[in-house]
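Comments concern the structure below.
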Amino acid sequence: MALIVHLKTVSELRGRADRIAKVTFRGQSFYSRVLENCEDVADFDETFRWPVASSIDRNEVLEIQIFNYSKVFSNKLIGTFRMVLQKVVEENRVEVSDTLIDDNNAIIKTSLSMEVRYQAADGTVGPWDDGDFLGDESLQEEEKDSQETDGLLPGSRPSTRTPGEKSFRSKGKEKTKGGRDGEHKAGRSVFSAMKLGKTRSHKEEPQRQDEPAVLEMEDLDHLAIRLGDGLDPDSVSLASVTALTSNVSNKRSKPDIKMEPSAGRPMDYQVSITVIEARQLVGLNMDPVVCVEVGDDKKYTSMKESTNCPYYNEYFVFDFHVSPDVMFDKIIKISVIHSKNLLRSGTLVGSFKMDVGTVYSQPEHQFHHKWAILSDPDDISAGLKGYVKCDVAVVGKGDNIKTPHKANETDEDDIEGNLLLPEGVPPERQWARFYVKIYRAEGLPRMNTSLMANVKKAFIGENKDLVDPYVQVFFAGQKGKTSVQKSSYEPLWNEQVVFTDLFPPLCKRMKVQIRDSDKVNDVAIGTHFIDLRKISNDGDKGFLPTLGPAWVNMYGSTRNYTLLDEHQDLNEGLGEGVSFRARLMLGLAVEILDTSNPELTSSTEVQVEQATPVSESCTGRMEEFFLFGAFLEASMIDRKNGDKPVTFEVTIGNYGNEVDGTSRPQRPRPRKEPGDEEEVDLIQNSSDDEGDEAGDLASVSSTPPMRPQITDRNYFHLPYLERKPCIYIKSWWPDQRRRLYNANIMDHIADKLEEGLNDVQEMIKTEKSYPERRLRGVLEELSCGCHRFLSLSDKDQGHSSRTRLDRERLKSCMRELESMGQQAKSLRAQVKRHTVRDKLRLCQNFLQKLRFLADEPQHSIPDVFIWMMSNNKRIAYARVPSKDLLFSIVEEELGKDCAKVKTLFLKLPGKRGFGSAGWTVQAKLELYLWLGLSKQRKDFLCGLPCGFEEVKAAQGLGLHSFPPISLVYTKKQTFQLRAHMYQARSLFAADSTGLSDPFARVFFINQSQCTEVLNETLCPTWDQMLVFDNLELYGEAHELRDDPPIIVIEIYDQDSMGKADFMGRTFAKPLVKMADEAYCPPRFPPQLEYYQIYRGNATAGDLLAAFELLQIGPSGKADLPPINGPVDMDRGPIMPVPVGIRPVLSKYRVEVLFWGLRDLKRVNLAQVDRPRVDIECAGKGVQSSLIHNYKKNPNFNTLVKWFEVDLPENELLHPPLNIRVVDCRAFGRYTLVGSHAVSSLRRFIYRPPDRSAANWNTTGEVVVSMEPEVPVKKLETLVKLDATSDAVVKVDVAEDEKERKKKKKKGPSEEAEEEEPDESMLDWWSKYFASIDTMKEQLRQHETSGIDLEEKEEMDSTEGLKGPVKNKEKSRAAKEEKKKKNQNPGPGQGSEAPEKKKAKIDELKVYPKELESEFDNFEDWLHTFNLLRGKTGDDEDGSTEEERIVGRFKGSLCVYKVPLPEDVSREAGYDPTYGMFQGIPSNDPINVLVRIYVVRATDLHPADINGKADPYIAIKLGKTDIRDKENYISKQLNPVFGKSFDIEASFPMESMLTVAVYDWDLVGTDDLIGETKIDLENRFYSKHRATCGIAQTYSIHGYNIWRDPMKPSQILTRLCKEGKVDGPHFGPHGRVKVANRVFTGPSEIEDENGQRKPTDEHVALSALRHWEDIPRVGCRLVPEHVETRPLLNPDKPGIEQGRLELWVDMFPMDMPAPGTPLDISPRKPKKYELRVIVWNTDEVVLEDDDFFTGEKSSDIFVRGWLKGQQEDKQDTDVHYHSLTGEGNFNWRYLFPFDYLAAEEKIVMSKKESMFSWDETEYKIPARLTLQIWDADHFSADDFLGAIELDLNRFPRGAKTAKQCTMEMATGEVDVPLVSIFKQKRVKGWWPLLARNENDEFELTGKVEAELHLLTAEEAEKNPVGLARNEPDPLEKPNRPDTAFVWFLNPLKSIKYLICTRYKWLIIKIVLALLGLLMLALFLYSLPGYMVKKLLGA
């Protein structure tokens, strides 16, 4: 069978261009070759061939599209020709010449000529002549090429029901064939056949699934590839690139319908903010406080005095219990306030704000160590006000966030590279104005009682609208509101609310609310949220936020006014609105401000101004829309509503609302204007005889009242039978359909993509073959969909009512989809079997992006509401988006529910729908809806099931176009439904026993049936077939086959008293068999499938079932397939699931390891004493032995038992295994203690080992060089062994180890250079901090490699796409630049210029999580099953599974097919009594020494009012309870405990260790902050050997001493013995052989005296560290470690209360005793004394003006401190009246301090306030502050300048004052950095800086100082005096004696003034005068001398 198209020519083309044709049939497309430079005629002369597996339907369509081809841009569509293949099917050969149509369905001149041929399989169609085509050489070439195809693509198969063979443009003109004359009794109008988008009949689908697919070529220059008839896709040479586009898994049978509203339900949230420090605060000599606000809650840090860079490190926690929407809109505000105290509120320096949602959307829901930029909201021209470094995290219930490790944190001084901004936000944000323009509103509801209004009307005759509206806008923590419009349902404002904020803003949403002004309390009428991300685009070609002018629809509570509205929350925007409230016309614009403009208002206060009014037509031309609905079924009506008549009302906006839509605006129907383009486009859709005059067509919006009939004890139904009521509503809305059409196209693409991705996931989950092919098909469909969007979306470009957002958004969507299509195409080629999961993740990103783009921010037509009403009260509703119902003649634009029968489940409004009330179905409707323009009305019945007659409201001439008020079905089909209910698993526990008595109730149409009740199980196997006979369904048979009604299955718990409890619900669609179909594979019989059961929004188990709907033909039930039940069972009237559907069974053996029971709680107040465990699976089971005295020994005597059972061969269908624990009481009674259901046996199935695998091989050699000290960048060394490798592992001591040993012996100079630590100085903390450094380095490397990999993938997927990658490249370049800066930081960045070489220190492993998560819960052979009792709690109860746990069963399972492979039972030492559990240890009681090391806690939840806690450790194990109350740590949220505790315990009685952190309180009981529980028994018995961690190196002394009482060689010997492994065999030269693996390593060890001795321990340790490579028994051994465990509080389940770092060692008491515990007590800070001598100052700015002379001078003194101004501030004396800025002091400060070198922090203890009970320890950075001041006698001293020196890294001082420049402090020049802790003594000149009026640094002086650091001991030996005192006094400075007052010593002053100030001037004048005098004397004497000379005298 094949369809062949010969495309000849296309003529009358316009212009000269390259042409290409695309021919599509059944979604499979071929492209022609490109014809270059065609002018008028394109002569294609090409043949295309489709092999078809199923016969062609006469209604199928062939589509030809002609494009102008472009290599660069997307191809431009010239025109389309669509042909219905009716004539081709009848005559086999058709010649066609016809014109094309354009996008708007208008005829164009261009025409094509072609020939179409078809041969059916049975040869029924005409004579066939092969020669015409098959002789064609080109085709044979193509046939040949197709053998080498690298891809196959079946596309989607759109189809139509259009009779007639002409192209679609002739729609309105042509009558259908076959005797239909267009009368309505046939159930279809003439035009009904024109509906596109109705899915093609699936009758042939199974045959077609394997049909060869055709690839749509990426390179259009090539010929399209064709595949020959009957060729199996997998036989193609490159089958790996095959694509599959039809669904493999039967997902369509599982409609996903969630009943309960999820939005609006409150949840627990915790916002934690750590304020670390602030930098570069603007202002002089500040006392800053940081205020942290979240919503309305405020908290403050302590005040730091006289500093511009305060250090706080304070932690704040805010707890909330609100709905997610409210939470994410809360604003986090961080402000810095200067001089705040009890009396003063302080002045704001700057603030920073962002919403909680922005933080939550970050990776791990947090910002870590980021700098917030402060700006002044009162002065937007002021610029930057400083930075605050903080951590911000938002945690919801159940969120697990990974917090980076707190210890040993270095200052990240790269501020610019670590700003508190989301990815993509530029660091320099600009100020912008946000103009929210409010124009007018319509359709407001009544908001006052009419009582007073009626009184007024009676007295005054005044009739007012009962609402006084105004609009309030909330944005970024500010709000503004318009004026109030008194008494108006249609208020007109024309005002704009103006916000000023930084752009882009860090607040995502703007809230616009219409409120009613009231004297007592204003209430919200409706709320709309504007998401700024949806109305802007931040890309290169993006646009600023813009909106409208456009109408937005507001929804909320019902419109009837009551004084106390229970649904008022809905009007506030919380939860889904249940009714239309109003619509508001608004606009939004953003203007970026030029802050340098002097006319700019600098405040950010909200302003309200007048806005320019806009015309009414700006939102689009008003059009009349027509909504039609037909109610085909109303069932499952809740019994509460069953006693009164029920009616259904449909509304759109206020139209159709007859009960409370009183304030509906009466809009006149707009006149048609002759020039309208739309009119021309759609002229074919309207007809002349349409009854369109206003008033001709009244709306009918509700069904006639009808009394429900009973279905069963829970539900009723309405007996519609063959008469189906209809509704229709006329309404007027602006015509903005284009927006909805574009959204629909994207929704269609997204739905198709989601369906495909779900299918791929299902294939992976169920392990179906070739998921990669299906993913390729999904990507191919996505690519085609994106290209289709580009061709369809760009219509109506010149539409006058298009807003700027419409235009920009369309461009943006087109760019995104074009890029997505190309990425999908290139991704398709990369999909391989091993990359499926990675590519699936990338596709999920596509889906998210599509969903985001499809959400249209500018509304047009309001949503449709369907209300069920009883007794004139609204009971329940459903809401359908209008875009889903919108009609279009283009298939892709059609709403997904338009002209389709949709199943709707009505729900209760608002909060009534939460919880158990929301679980009940209020009503189930089968409803047909259609929405379109009135002029398209002829189509409204086109999708209804056929076979009806219309009943009109009125009869008369010309009324045939009126819609019907009901439909009477004359055609009906009779069916039988078979529901094969096999089993369910993981159901909710509905009884107090923790079990249920479940039965299932199946609903179909108006019938329901129940399965039998199975008692006391959560995993019932009903194995029952329910048969529903004589089901009457209305409509055509084939329509029912394609889209059968939904089956509802509800699971209930049978109660002896009262009604059954609801446990969950699921939905299914049956597989339909028509009477003329054979009941045979592949479709029948149906396969059992799992259906997810939901209770509300929570999953409540799975149902394994199958459903089939069988048509009963003319000969009755005789034609139905027989019911073949299993012959071996007789269950009376209950019919089991038939053979063929029920699973195929095999014999399995289930071995059970019974180890013991733990922590059993009392049952009915009585203790459990003699428990027993019952195991049951598929009706078979086994009982454990009885524990005779649970208190004495809770373990079982008999360890292993087994039973045999028949289980399905398909592992996915395995039934659950039930574990029950009963307590055996006297007189044969027993009570259920608790139960556990193992829902999946998969992990317990035994699979024989693969003998060919690598670790079974015993030959080969691998060399591994092991370094005892792991360098920073080296990750864990693993030995990989392949099947042919020799098994020798060489562990060499690395060369640098030997070098290190050598260097130790060298002199001190080399040692200093190498920075080699002195081993005697090292302790456990050195090891800990070194390990954390390594961990951080590894994480950093991991992140960078992760980023690189991600970017590589991005680059791969965007191959050849230059545009989309640009941003990425830019940001990457910036990151690289930053990285370089960080690696070579300047001096200002506070890091040493030469990179510090890491000292070599032995390390341990720091796990940032629990040890259990790293080692699979230590369940390698012993599993823990939680036993549950009691009812499953509901979400709103806040109850968790934890509360239902009544104990734990320890044991294991092993499931395998019998008989067992012989080689297993023949293995050495096989003990049949233990079965598969060979080599397990004895479970007799054992005494153990448990040693707990608690290192530290981080981020504890504050427990006191002051926001701090006083934590201490409490440990409980069995009866031992240790409370370390005396050693509580005062006011600390990050305490370092450094404690170890030894407890002797006895397993199994004492095996659960609880480590808790309590808050110490002086009065009252101590509060629990949080606790963590550790199961020690699983650790103790685990093969991972978690008793004592294996260290990295073996040492017998020093800080890294070996802790385990067993040496490595002893451990190795024991492991070999237990695992029955050959070895260990120690050989010479450090060799050891273990099971054909040889390890080599160092063979000597150095003792405390430096003596070297031979040892085997090093090599034994290397074998232990590679134990996972030992064949058969190898596994990873737990290394020496510290684990980080979350602390949880039972009162706040699911939210971490902090983290605790600890580790646990266990030592059996029958082994050698361990050594003394390690000393991990917190390091004591070392005492130092810093001596600072201030010698001189120079160039100090002169501040004072002299009273008499106006001379500038300063009275200088220098102030310095180390810990804080209040703690140790010291001042020099005053150098008075310095006229030059020079000051001489010779003054010494002494600063004693305690210092922690590892953390680089000064430790100080002080009382927090005068009321504090004890001192609090603070850790602050070691920074010396020097300030220069001008002393004043009467007023306050003036601050002149300061410098802050970080004692660990500060610029070296200049040698002279001249060389000292400002750049030394600002880091602009490269100055060497020094550390006082290394240099000990430093002297030099340093600059002092202050900020000027322009907020820039300026030099205000220089200080010469000398810093000398001594330890406390050295300081004691060499004491010195403070200031200039003894001992070792400093000389008095030689100051100029100008400290005077004029009138005391005038001569001295004159002398100073003249001598000092005018010295050089006076000298010059004197010299000049002397010169003049000499000249005068010379001139005076000259004549006399000359005369004398002349006369010779």
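Quick reminder: no glycine exception, Cβ is built from N, Cα and C everywhere.
Annotation comment: Swiss-Prot describes 1-98 as domain 'C2 1'. Summarising model confidence by region, the domain 'C2 1' (1-98) averages a pLDDT of 86.
The feature compositional bias 'Acidic residues' is assigned by Swiss-Prot to 129-145 (among others).
Summarising the annotation, Swiss-Prot assigns domain 'C2 2' to 251-372. Counted with DSSP, the domain 'C2 2' (251-372) comes out as 17 helix, 60 strand, 45 coil.
Residues or ranges marked as domain 'C2 3' by Swiss-Prot on the basis of sequence analysis: 415-546.
Summarising the annotation, Swiss-Prot assigns compositional bias 'Acidic residues' to 675-695 (among others).
The annotation domain 'C2 4' is assigned in Swiss-Prot to 959-1084.
Counting only same-chain residues six or more apart in sequence, the Cβ atoms lying under 8 angstroms from the Cβ of Asp991 (Ca(2+) 1 binding site) belong to Asp997, Glu1016, Asp1053, Asp1055, Lys1431. The Ca(2+) 1 binding site annotation in Swiss-Prot covers Asp991, Asp997, Asp1053, Asp1055.
Residues or ranges marked as domain 'C2 5' in Swiss-Prot (evidence: sequence analysis): 1131-1257.
Per Swiss-Prot, the feature compositional bias 'Acidic residues' maps to 1348-1357 (among others).
Taken from Swiss-Prot, the feature domain 'C2 6' covers 1460-1589.
Among the features that Swiss-Prot reports, Ca(2+) 4 binding site is placed at Asp1504, Asp1559, Asp1561, Asp1567. The Cβ of Asp1561 (Ca(2+) 4 binding site) lies under 8 Å from the Cβ of Asp1504, Asp1510, Asp1567, each of these being in the same chain and 6 or more residues away along the sequence.
The domain 'C2 7' feature in Swiss-Prot is assigned to 1710-1861.
Taking Cβ-Cβ distances under 8 Å and a sequence separation of 6 or more, the neighbours of Asp1838 (Ca(2+) 5 binding site) in its chain are Glu1743, Trp1829, Asp1830, Asp1832. In the three-state DSSP classification, Asp1838 (Ca(2+) 5 binding site) falls within a strand. Per Swiss-Prot, Ca(2+) 5 binding site is recorded for Asp1832, Ser1835, Asp1838, and the stated evidence type is sequence analysis.
Annotated transmembrane segment per Swiss-Prot: 1960-1980, in sequence order, evidence recorded as sequence analysis.
Asp1559 (Ca(2+) 4 binding site) and Ser1835 (Ca(2+) 5 binding site) are 48 Å apart (CA-CA, integer value). The number of other CB atoms found within 10 A of the CB of Asp997 (Ca(2+) 1 binding site), across every protein chain shown, is 20. Note on the binding-site residues Asp1559, Asp1832: the fewest other CB atoms within 10 A surround the CB of Asp1832. In three-state terms derived from DSSP, Asp1053 (Ca(2+) 1 binding site) belongs to an extended strand segment.
Apart from Asp1832, Ser1835, Asp1838, the residues listed for Ca(2+) 5, the same chain places the Cβ atoms of Asp1830, Ala1831, Phe1834, Ala1836, Asp1837 within 8 Å of the centroid of those Cβ atoms. Those residues of the chain, other than Asp1504, Asp1559, Asp1561, Asp1567, with a C-beta within 8 angstroms of the mean position of the Ca(2+) 4 site C-beta atoms are Ala1503, Ala1509, Asp1510, Tyr1558, Trp1560, Asp1566, Ile1569. In the three-state DSSP scheme, Asp1567 (Ca(2+) 4 binding site) is classed as strand.
For Asp1567 (Ca(2+) 4 binding site), the Cβ neighbour count at a 10 Å cut-off comes to 16, with all displayed protein chains included.
Cβ neighbour count for Ser1835 (Ca(2+) 5 binding site): 6 (other Cβ atoms within 10 Å of its Cβ, all protein chains included).
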